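Everything on this sheet refers to the single structure shown next.
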Amino acid sequence: MMKSQAALLGLTTLAILFFSGAHAAKITFTNKCSYTVWPGTLTGDQKPQLSLTGFELATGISRSVDAPSPWSGRFFGRTRCSTDASGKFTCATADCGSGQVSCNGNGAAPPATLVEITIASNGGQDFYDVSLVDGFNLPMSVAPQGGTGKCKASTCPADINKVCPAPLQVKGSDGSVIACKSACLAFNQPKYCCTPPNDKPETCPPPDYSKLFKTQCPQAYSYAYDDKSSTFTCSGRPAYLITFCP
């Protein structure tokens, strides 16, 4: 009798999971850069974080994490990371401030290239993009694996650090440009940040700095209202491949 009740409970649990739309979307990270990257993950809306919130990814290595559905969050790549004598872990770009390899619910300090994904329930329509709204630190792309609909890759393959204007440059200890600020971060003005009184698309056109980002990476979000050519969709429960230096 106990076995029958246990079996029934198991079937009931599976049915609840199935009909509630529970589904894990595999998200794979691949590093094609010539240097090590430390990916970070951040779940939105103060919901539970993924099982991996930060890890080391050497050149040529791939690693995966499962995201539930529905789910929404962002991914980033930290560079030039090290651990000091006290054991504190920090990165020169996109540091999440946790003091550890794991970000533990902390986001990337800008400037940072971001991949944003919103996973729908029940195989509905997912949304995803590469965003440079918080600036740029390394090339990234996101591509659905499987799924139905358009399901095109969104990519920013250019190294914007090489053409970053002087006012936006972030330099490393060796004097090289290691990241490129957004105009909003650099100047903190409403016309660049799309904040009042410039908080509508018609009052916040893309500045020249954003146009430079857009020229280098046409598929990426370059400023707050840049969504017509930069938001991508896919349905049918696809997996996702995020590539550093595609």
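A Cβ is built for glycine as well, from the same backbone N, Cα and C atoms used for every other residue.
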- State the disulphide partner of Cys234 as given in Swiss-Prot, choosing from Cys96, Cys103, Cys151. Cys151
- Query: If you pull up Swiss-Prot, which of Cys217, Cys245 shows a disulphide to Cys33?
  - Reply: Cys245
- Task: May I ask which of the disulfide-bonded residues Cys96, Cys103, Cys180, Cys193 is closest to Cys33 (disulfide bond) if we compare their C-alpha atoms?
- Result: Cys180
- Query: Under 8 Å Cβ-Cβ from Cys234 (disulfide bond), six or more apart in the same chain: what's there?
  - Reply: Gln125, Asp126, Tyr128, Pro144, Gly147, Thr148, Gly149, Lys150, Cys151
- Rounded to a whole number, how many Å is the Cα of Cys156 (disulfide bond) away from the Cα of Cys245 (disulfide bond)? 8
- Site with most surrounding Cβ atoms, counting all protein chains shown within 10 Å, from the disulfide-bonded residues Cys164, Cys204, Cys245: Cys164
- Distance between Cys184 (disulfide bond) and Cys194 (disulfide bond) at the Cα atoms, whole Å? 8
- Note on the structure: DSSP output for Cys234 (disulfide bond) maps to strand
